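These come from TrEMBL:
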- B:Thr40, B:Glu113, B:Glu149, B:Asn153, B:Asn299: substrate binding site (BINDING)
- B:Asn180, B:Gly181, B:Pro182, B:Leu183, B:Arg203, B:Arg204, B:Leu268, B:Gly269, B:Ile270, B:Ser297, B:Val298, B:Asn299: NADP(+) binding site (BINDING)
- B:25-138: domain 'Alcohol dehydrogenase-like N-terminal' (DOMAIN)
- B:142-350: domain 'Glucose dehydrogenase C-terminal' (DOMAIN)
Protein chains: 2
Amino acid sequence: MRAVAVKAGASSPEVVEIDAPEPDDGEALMRTLRVGIDGTDFEVLKGTHGGFPEGDDYQILGHEAVGVVEDPNGTDLEEGQLVVPTIRRPPAGSNEYFERGEPDMAPPGTYLERGIDGAHGFMSEYFTSPAEYLVPIPAAFAETGILVEPMSNTVKALEHSFSSRSVFDWNPETALVLGNGPLGLLTLAMLDSTVERSYCLGRRDRPDPTIDIIEDLEATYVDSRETPVTEFADVHEPADLVYEATGYAKHAYETVDALAPNGVGVLLGIPDDWTFEIDGGRLHRELVLENKALLGSVNSHLRHFESAKESLDRLPDWFLDRIITDVFTPEEVDQAFEGGDDRIKTVIEFGTR
Amino acid sequence: MRAVAVKAGASSPEVVEIDAPEPDDGEALMRTLRVGIDGTDFEVLKGTHGGFPEGDDYQILGHEAVGVVEDPNGTDLEEGQLVVPTIRRPPAGSNEYFERGEPDMAPPGTYLERGIDGAHGFMSEYFTSPAEYLVPIPAAFAETGILVEPMSNTVKALEHSFSSRSVFDWNPETALVLGNGPLGLLTLAMLDSTVERSYCLGRRDRPDPTIDIIEDLEATYVDSRETPVTEFADVHEPADLVYEATGYAKHAYETVDALAPNGVGVLLGIPDDWTFEIDGGRLHRELVLENKALLGSVNSHLRHFESAKESLDRLPDWFLDRIITDVFTPEEVDQAFEGGDDRIKTVIEFGTR
């Protein structure tokens with residue numbers, strides 16, 4: 001079968017011809033429909049995130065996938081059922097986090113991540129997975145279901161955010177999303193029913209398709225070159241919730257300035273090392289005197305995928321049509337990984353339902 | 001009556017003779033038994049925290065008090081009942097935070113604080129307070145009840161910490177308390193039944209009464225000159241919970257290094273401005289990849305006082321005997337505010353039950 005992979009020593013993906021996988025006991029075999037590309041894929045290509053499966057000199061990419069069950073192989077799944085696979089898998093011997101269904105809380109070194117760290121991804125004509133890591137989705141999600149995985153990360157981040165504010169009366173009215181990539185835009189759309197006013201920060205010139213989407217969501221675009229995060233609260237209003245999806249390390253600390261009293265900032269970006277100055281005394285003091293919180297959040301578990309599925313069903317069609325901007329065949333892999341400001345979510349399509 | 005106050009332009013407290021307060025409708029009149037001294041009192045004296053009551057050229061100090069009801073004045077309290085007053089009071093016109101019983105969540109500028117910010121404290125022979133801000137305590141707490149207020153801050157901080165970890169399986173085994181002042185030691189004692197192993201960081205040489213208490217609590221003393229917070233996890237073990245009570249701004253960020261995956265650091269110190277370098281990229285990344293949380297927490301509300309009262313009842317007598325180290329009369333105010341490493345909690349005693 002064809003697979004999109006990166007070979008040892010290479011930094012760009014290519015189509016490789018490999019044997020189709022055979023499902024083990026408890027695993028189903030899926031025929032792949034679509035796989036989304038995101039920033040983590042580029043980090044895998046650069047070699048700055050994750051690592052190859054043990055013993056292999058290539059890694060199949062892709063962790064945002066939709067497949068159709070080709071062979072249930074004795075599992076409870078039915079042939080023809082559409083599924084989204086989760087990403088994390090237990091290393092040899094499993095561990096407590098997987099046993100209690102919370103692989104997202106497993107610390108680094110205690111999990112593999114398909115398509116990212118130590119395990120092949122889903123960017124191939126077929127993939128296998130234990131049935132317990134497959135989330136059934138409706139047939140109507142054949143094209144958009146690749147958004148369930150990124151959305152599940154937001155579901156988890158918001159769940160942690162709200163729980164951190166659950167012992168007092170907290171009714172967030174305003175949200176600031178840092179980053180106008182696909183995850184930022186999905187989050188902005190998901191927050192539409194939660195807050196009254198939302199803002200999305202980016203650094204793009206008009207005309208720009210992400211700015212158009214932000215404004216069609218009735219949110220306010222914040223150009224970070226004109227209004228840095230540190231000035232957001234003064235120029236607009238303090239935000240009850242800040243969602244960081246830029247991976248720009250200074251944003252983690254500047255979030256304290258953008259937050260309203262009793263607000264929570266949730267961080268999802270994964271920056272490289274970067275030493276810089278902060279007014280650590282002032283930020284510490286403001287965290288305390290205004291009861292602010294900063295939370296890190298990574299990955300998600302089955303419950304978050306289930307909830308993301310419901311969220312996806314609520315997103316307007318126009319939004320979904322405009323967020324998946326580019327669809328390529330596996331053979332067009334070079335173009336698919338080119339990137340560009342006119343692209344939001346790019347997918348590789350292996351087949352249709 | 002006699003009161004311990006700081007006058008405008010002065011930076012040390014003195015005994016002043018003023019009229020005893022008269023209770024308004026809804027207020028009771030208390031005869032003061034004891035008032036504790038803490039770090040905030042010294043900040044008030046320096047003029048770096050809070051401010052005088054409007055129109056007055058002096059401020060009565062003290063916010064950790066025990067009084068006995070002298071005149072219920074038509075409230076539900078009974079004469080002779082012991083009470084601990086809370087600190088925050090609504091400014092003119094009140095606001096939503098006070099109305100829903102969460103003055104601790106009121107942002108700066110929307111509250112007065114007795115003995116600290118815009119309102120007289122309790123360090124006087126008599127004080128008045130609306131009954132709703134008085135927490136009845138048993139007669140047995142006449143001497144130790146001044147600990148209820150600081151303990152209530154820890155109750156709130158832990159409540160927020162636990163709620164932030166409540167959507168996944170979290171059973172903290174280890175705690176690190178930063179600071180071996182009275183609040184740090186009280187917290188260490190309160191955590192005794194919550195975690196299996198606890199550590200308390202200070203910078204004192206032996207022999208030292210706080211180190212003795214730490215070790216008699218079966219906790220481990222961590223000398224920050226030998227083991228800085230950044231090295232704590234390697235030298236000892238990562239902490240599920242870090243409680244910061246030093247006001248040393250770098251500790252807020254170093255806490256990320258000391259935390260175990262999925263851990264929470266709660267900050268209570270109130271540092272001055274201080275600009276310094278951090279590896280903001282690495283800390284941001286660790287917050288995210290290890291699902292760590294940093295929370296600021298200030299003050300407390302009635303429910304926390306009630307819970308602190310129960311916690312106080314569980315603290316061993318030997319601990320209480322050794323944490324209140326010095327008792328002075330109001331006339332000994334100069335000595336009372338002298339400080340020193342042999343002192344833990346100093347109180348001014350106006351009377352006995």
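Cβ atoms here come from the backbone N, Cα and C positions, even for glycine.
Bear in mind that the values here come from a model prediction, so they are computed numbers and not experimental data.
Location within the structure of each feature annotated in TrEMBL.
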{"residue": "B:Thr40", "record": "substrate binding site", "Cβ within 10 Å": "20"}
{"residue": "B:Glu113", "record": "substrate binding site", "Cβ within 10 Å": "21"}
{"residue": "B:Glu149", "record": "substrate binding site", "Cβ within 10 Å": "25"}
{"residue": "B:Asn180", "record": "NADP(+) binding site", "Cβ within 10 Å": "26"}
{"residue": "B:Pro182", "record": "NADP(+) binding site", "Cβ within 10 Å": "25"}
{"residue": "B:Arg203", "record": "NADP(+) binding site", "Cβ within 10 Å": "13"}
{"residue": "B:Leu268", "record": "NADP(+) binding site", "Cβ within 10 Å": "26"}
{"residue": "B:Ile270", "record": "NADP(+) binding site", "Cβ within 10 Å": "20"}
{"residue": "B:Val298", "record": "NADP(+) binding site", "Cβ within 10 Å": "21"}
{"residue": "B:Asn299", "record": "substrate binding site", "Cβ within 10 Å": "23"}
**Item:** Against chain A, in sequence order - binding-site residues B:Thr40, B:Asn180, B:Pro182, B:Arg203, B:Ile270, B:Val298 with Cβ under 8 Å
**Value:** B:Ile270, B:Val298
**Item:** Overall pLDDT of the domain 'Alcohol dehydrogenase-like N-terminal' (B:25-138), taken as the mean
**Value:** 96
**Request:** Using C-alpha atoms only, work out the spacing between B:Glu113 (substrate binding site) and B:Val298 (NADP(+) binding site) and round it to an integer in Å.
**Result:** 12
**Prompt:** Using the Cβ centroid of B:Thr40, B:Glu113, B:Glu149, B:Asn153, B:Asn299 as the reference point for the substrate site, which residues of the same chain not in that list have Cβ within 8 Å?
**Reply:** B:His63, B:Ile87, B:Arg88, B:Ile116, B:Pro150, B:Val298, B:Ser300
**Complete:** Once DSSP output is merged into helix, strand and coil, B:Pro182 (NADP(+) binding site) belongs to helix
**Prompt:** Max Cα distance spanning B:Thr40, B:Glu113, B:Glu149, B:Asn153, B:Asn299 (substrate binders), Å?
**Reply:** 14
**Request:** Determine, using Cα-Cα distances only, which of these binding-site residues is closest to B:Val298 (NADP(+) binding site): B:Thr40, B:Glu149, B:Asn153.
**Result:** B:Asn153
**Prompt:** Which of the binding-site residues B:Thr40, B:Glu149, B:Asn153, B:Asn299 has its Cα nearest to the Cα of B:Ile270 (NADP(+) binding site)?
**Reply:** B:Thr40
**Prompt:** Which number gives the other C-beta atoms within 10 angstroms of the C-beta of B:Asn153 (substrate binding site), all protein chains shown included?
**Reply:** 23
